[in-house]
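One structure is given below, encoded as structure tokens.
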Amino acid sequence: MQISKMATTAEERKLLHRRTKSTSSVEDREKIKKQKEAEKDRREFYEKPIHFPSESLFSTGSGYNNYRGVLNLCIVLLVLTTSRVALENLIKYGILIDPVSWVTIFVADPYNWPCVILIACSNIFILASFQLEIWLLKGWVSEPVGRAMHVVNCAAILVFPATVVLTVEPGPAGASYALFVYTCVFLKTVSYIATNHWLRYQYKSSGQRKGGRRKPTKSVGDAGDANGTAQNLANGKLETQLVTYPDNLALKDLYYFMLFPTLCYELNFPRTPRIRKRFLLKRLAEMFMLLQLMLGLIQQWIAPLLHNAIKPFVDMDLPMMVERIMKLAIPNHFIWLIFFYWFFHSNLNVLAEITQFADRTFYRDWWNSESVQYFWSNWNIPVYRWCKRHLYQPLMRRGYSRMFGQICVFATSAFFHEYLVSVPLRMFRWWAFMGMLMQVPFAVFVSKFLTGPYGNMAVWVSLIVGQPFAILMYLHDYYVINHLQLPAGQNITTAGL
């Protein structure tokens, strides 16, 4: 028994030793396998290439264009910088905003009321152009005589209000608005005369009624594309009944055109059958809120800067002049951007909605302009269409060069810019006129030497810096002429400004 038990114990020990050794062998094999795999991974990791031909992200050849984070950084820095300047302004000047003062200027000052009467008098010239068209249609006056009478009437549209403003001397704000209305009447009248002249010629030569070349319009929609080609405005179907010449020679037709937010006359405008009340209320709210914002910014931000800029410009202190221009550039550009949205989007959409005018392409993506020509042809579509239809294309048909046509367009724009600034201020310094004409060589320079994003930055720089420079130059001249009367040899510093 003892021997058997000892034998069994020896066998168990041998078996246990064999099993233990077997387990150790498996673990060793697995360890060796893992070591080989790790060695292989290390060899593949270090031998795997990590460098490939590539461009840096800021290089134009990289094709990378997602700079949203940089844009967000610029917005944050802009907000912080603007907030600091606004806080500094409040600490230095206190609260200067007074909405009531803007109303009292027009109510209390009797010299602003002539502008209202002046605007009402514009109907005289509108009715005169209408009556002349009737006489020309019936043959009561010849074409040369009628053309001469139209020229006199159009010239009077610009001369009459300027004469009244220079004689009565109303406030610059009311005078500017009155002259703006007369400028629109002038441009609309020219388009009305030119279009009816062509229609009358076709009518008399063929003896048939002419309805223009517009085809029956499709339905328009709630959101069109950037070029105004999509027809999906949620306004329903448009009117398709076409008016033919001479049925358009009616006062109702003429005054509808005068109210439409366009400067180019047509026999048949795209119309909407209903007014969207919710859309109209939104635009009216924008008009009111943005107008108050602009007036508040002018009172709180622009007025102190302009007052502080008078002394450097009168003394011709060049470093301080540059500093004042740069200091005025940002708030002035903010107000300009707000004005653009307020006028071209809110105001013109309100007018279009009330008159049921369906073409809402008042501007295009001018903010992406990579050339000066693209900016001026896309930021103000009504004026661009008028210049192209009644000035540029007629010159091209007469054989003039494209450069000559562009110079004529810029010269016409420069004249009206100066007309709307110099006449209300009752001084002629030609800063606005020269500024617009300088756009021609600047456009050539940008198109020749700057392309892509650099051209876009050049356009932005001209907008941000050019406007405050012109404003300060007019402010300097206006102050010297109207408020600064110093003895000979005395400057503004010794006068104690």
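Cβ atoms here come from the backbone N, Cα and C positions, even for glycine.
Per TrEMBL, the feature active site maps to His417. The Cβ of His417 (active site) lies under 8 Å from the Cβ of Ala432, Phe433, Gly435, Met436, each of which sits 6+ residues away along the same chain.
Among residues of the same chain six or more beyond the compositional bias 'Basic and acidic residues' (26-42), none has a C-beta under 8 A of the stretch's C-beta atoms. What TrEMBL lists as compositional bias 'Basic and acidic residues' is 26-42.
For 1-42 (among others), the entry in TrEMBL reads region 'Disordered'.
Summarising the annotation, TrEMBL assigns region 'Disordered' to 207-228 (among others).
TrEMBL lists 70-91 (among others) with the feature transmembrane segment.
The transmembrane segment annotation in TrEMBL covers 111-136 (among others).
Sequence annotations record features per position, and here TrEMBL assigns transmembrane segment to 148-168 (among others).
As annotated by TrEMBL, transmembrane segment applies to 174-194 (among others). Sequence-distant contacts of the transmembrane segment (174-194) (same chain, at least 6 residues past either end, Cβ-Cβ under 8 Å): 106, 112, 115-116, 118-119, 122, 125-126, 129, 133, 150, 153-154, 157-158, 160-162, 165, 254, 257-258, 263-265, 383, 386, 389-390, 416, 419-421, 423-424.
For 284-305 (among others), the entry in TrEMBL reads transmembrane segment.
The transmembrane segment feature in TrEMBL is assigned to 325-344 (among others).
Residues or ranges marked as transmembrane segment by TrEMBL: 399-416 (among others).
Sequence annotations record features per position, and here TrEMBL assigns transmembrane segment to 428-446 (among others). Within the chain carrying the transmembrane segment (428-446), a Cβ under 8 angstroms from the stretch's Cβ atoms is held by residues 371-373, 376, 406-407, 410-411, 413-415, 417-418, 421-422, 455, 458-459, 462, 466, 470, 473-474, 477, all 6 or more beyond its ends.
Long-range neighbours of the transmembrane segment (458-476) within the same chain, counting only residues 6 or more positions beyond its ends whose Cβ lies under 8 Å from a Cβ of the stretch, are 306, 309-310, 313-314, 321, 324-326, 328-330, 332-333, 336, 369-372, 375, 421, 425, 429, 431-432, 435, 439, 442, 446, 450. Residues or ranges marked as transmembrane segment in TrEMBL: 458-476 (among others).
Using a Cβ-Cβ cut-off under 8 Å and counting only residues 6 or more beyond its ends in the same chain, the transmembrane segment (111-136) has close neighbours at 105, 143, 146, 149-150, 153-154, 156-157, 160-161, 164-165, 168-171, 173-175, 177-178, 181-182, 185, 189, 192-193, 196, 200, 249, 251, 254-255, 258.
Tertiary neighbourhood of the transmembrane segment (325-344): same-chain residues 82, 85, 286-287, 290-291, 293-294, 297-298, 301-302, 305-306, 309, 362-363, 379-380, 463-465, 467-469, 471-472, selected by CB-CB distance under 8 Å and a gap of 6+ residues from either end. Shown for the compositional bias 'Basic and acidic residues' (26-42): DSSP residue counts in helix, strand and coil, namely 17 helix, 0 strand, 0 coil.
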